[in-house]
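What TrEMBL says about this one:
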BINDING   36, 38, 63, 85, 111, 141  S-adenosyl-L-methionine binding site
DOMAIN    43-194  domain 'Ribosomal RNA adenine methylase transferase N-terminal'
């Protein structure tokens, strides 16, 4: 179907409710995967409206589950809906929706963390990065088990302008749920910026942020210190904080985007001066030190064994 073609209005025919689908296929939310089903069509309609006008849009839904949000997207008069679902239990219910909306719904049994979407929609949808967002949307109800790695993956995609963002500044409307026993849902709408707040490679920014927040209740200098080998950790951490003009007693949650930009810029300069610095991993150094200690203990114990 051409991207510019007009799409006739669609209303799904009478179907079993999501609650009935769950009962019909004996579905249960898996607590270990932080799954939670959205059963109220009024709620899923409200979530989908947060994405804006989806008429004639191409939508990529991640983790559709039993299909609550899927129904609301189809009722929003989209041109095409692509869903990627890893859990085989949900495929029959989704197929029922596909049969009720011929040509509208494409089901992929796969993992959203590895699925390649770049060629799933017409190339004519692509827009220059500096222009308005394309008529492509990502919508998803994300359980805690996948939300963090998926968001990090998409942030890297945005940086490289590939994946879902090969089409341009693709908008995302995502729900984040609390634990299975609770039903509070937070809906967040994202639009990628034309220009990033921190103009450094994604992997460098990710490394700085991860190190800072691994000790989120400590002063920021503690996590930043893990960017440097132990032999010069104190000196290099002090240099980083001084050049970035940051109080070492600030906690990670007190650091602003400007703070992180300064940290990343200075850390980049330090990496340029020391080509081996960026590849340093404090966990590897710690493991090597422990392995060496164990070896020395074994050798010492062996020498003390009677003949």
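Here the Cβ of each residue, glycine as well, is placed from N, Cα and C on the backbone.
TrEMBL: automatically predicted annotations, no manual curation.
Summary: among the binding-site residues (38, 63, 85, 111, 141), the fewest other C-beta atoms within 10 A of the C-beta are counted at 111. Mean predicted confidence for the domain 'Ribosomal RNA adenine methylase transferase N-terminal' (43-194): the pLDDT average there is 92.
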